[in-house]
Amino acid sequence: MVKQIESKYAFQEALNSAGEKLVVVDFSATWCGPCKMIKPFFHSLSEKYSNVVFLEVDVDDCQDVAAECEVKCMPTFQFFKKGQKVSEFSGANKEKLEATINELI
């Protein structure tokens, strides 16, 4: 399941409550074509990797979160462990997304 993040507080809360689990964050926008293309794949990964926390942040709805995470383009995927960013990349690259998850879990 992918959790939709609505605020900076909710983002921080999700990172904190993940504990030892890997957190994968999809920074996207409704008007972004590549974001729409990879969204179903991102959701399917959340079913496949039940021990990983998947979050979705709409950069227009949560501009403060996007700014704090220094998101410059969409989609950007960031990976967190114990509240710390451990990896990130931009672009709708399905293979890289799954490979990065496998590398970090």
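The backbone N, Cα and C atoms fix where each Cβ goes, and this holds for glycine too.
According to Swiss-Prot:
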type	residues	note
DISULFID	C32-C35	disulfide bond
ACT_SITE	C32	active site, nucleophile
SITE	G33	site 'Contributes to redox potential value'
SITE	P34	site 'Contributes to redox potential value'
ACT_SITE	C35	active site, nucleophile
MOD_RES	C62	S-nitrosocysteine
MOD_RES	C69	S-nitrosocysteine
MOD_RES	C73	S-nitrosocysteine
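Here the modified residues are C62, C69, C73, and the one with the most other Cβ atoms within 10 Å of its Cβ is C62. The two recorded residues C69 (S-nitrosocysteine) and C62 (S-nitrosocysteine) have their Cα atoms spaced 11 Å from each other.
When the recorded sites G33, P34 are scored by other C-beta atoms within 10 Å, P34 scores highest.
In the three-state DSSP assignment, the secondary structure recorded for C69 (S-nitrosocysteine) is coil. Secondary structure from DSSP puts C62 (S-nitrosocysteine) in coil. Other C-beta atoms found within 10 angstroms of the C-beta of C32 (disulfide bond) number 19, with every protein chain shown included.
Across the structure, P34 (site 'Contributes to redox potential value') and C62 (S-nitrosocysteine) place their CA atoms 19 angstrom apart.
Put simply, C62 (S-nitrosocysteine) is 15 Å from C32 (disulfide bond) when counted between their Cα atoms. You'll find the Cα of C35 (disulfide bond) roughly 16 Å from the Cα of C62 (S-nitrosocysteine).
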